[in-house]
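Visitor: Positions annotated as transmembrane segment by TrEMBL: 24-50, 62-88, 100-121, 142-164, 197-222, 243-264, 276-295. Residues or ranges marked as domain 'G-protein coupled receptors family 1 profile' by TrEMBL: 42-293.
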């Protein structure tokens, strides 16, 4: 512990694996390793295929590349501490290292939310204004959107580590997960955390919350446009281009909203439920997204088959 008058700050936190199942951590690590491997190989495969296939150099696949890079970042943020606990029972993480991990996990989550919104906007333009789509979403525009997404995440979350460092901590240093999460660290403080709670809620609602609302609005407009199409075949073809994106949105937002609600309002929720929702939020989307897009996107599927035939 570091002591400075009445100010106390732990030198490290202790992370949790899966509560109540500590004796089975080595066995539990097997499905986690499989998910991490699928996420790493799948997202690298998506990036490789898009880079090597000239016909995929268009906005929809540029945004998919951003999603794949974000998913890789999320995997690499949580993999060392999660497998460190399961394999070697390495529960200790330094205070500053914990804040750094937390900052990048939250940034990447916010970036993923924004990329999903950009993908929804791309589908809306492609279906509602197909002739204007190439002129609206040029390569330069896509790059600007990507930079804006990164800057929004970095700037909006920049105060969070400093708000946590100003707090006084006492006694309990055990986190609820095998990674560092803002509400989890904040709840270990024995000081007034109203500023942290208020700022965290405002940022969450103004970024991820607004992204989700605009995604829903985009699909309302898409459905309205699709209904106005002349034939049933055209309707199905237009909606089919959105299926993979809708799945990615649901896979990401449902566990994220669930975890946020548990941390803020679920004081009596069993620790095991809290832990499972957290792992679902951070590990399942990066593993499922490449599978979803490989199955539903004929262009990616065909490019993958061509690559395999060449080998």
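Just so you know, glycine gets a Cβ as well, placed from its N, Cα and C.
TrEMBL entries are annotated by machine, without manual review.
Buried or exposed, and what's around them? Tell me for each listed feature.
Guide: Sequence-remote contacts of a segment are chain residues at least 6 beyond its ends whose Cβ falls under 8 Å from one of its Cβ atoms, and for the transmembrane segment (62-88) they are 15-17, 25-26, 28-29, 32-33, 36, 39-40, 43-44, 46-47, 50-51, 101, 104-105, 108-109, 111-112, 115-116, 118-119, 122, 139, 142, 146, 149, 178-179, 248, 282-283, 285-286, 289-290, 293.
Same-chain residues lying 6+ beyond the ends of the transmembrane segment (197-222) with a Cβ under 8 Å from its Cβ atoms: 109-110, 113-114, 116-117, 120-121, 123-124, 127-128, 152-153, 156-157, 159-160, 163, 182-183, 186, 238, 242, 246, 249, 253, 256, 260, 264.
Here the transmembrane segment (243-264) has long-range neighbours at 67, 109, 112-113, 116, 119-120, 123, 181, 183-184, 187, 197, 201, 204, 208, 212, 215, 219, 273-274, 277-278, 280-281, 284-285, 288-289, 292-293, 295-297, meaning same-chain residues at least 6 beyond its ends whose C-beta is under 8 angstroms from one of its own.
Long-range contacts of the transmembrane segment (276-295) within the same chain, counting only residues at least 6 positions beyond its ends with a Cβ under 8 Å from a Cβ of the stretch, are 18, 32, 35-36, 38-39, 42-43, 45-46, 64, 67-68, 71-72, 74-75, 78, 105, 112, 176-177, 179, 181, 244, 247-248, 251-252, 255-256, 258-259, 262, 301, 304.
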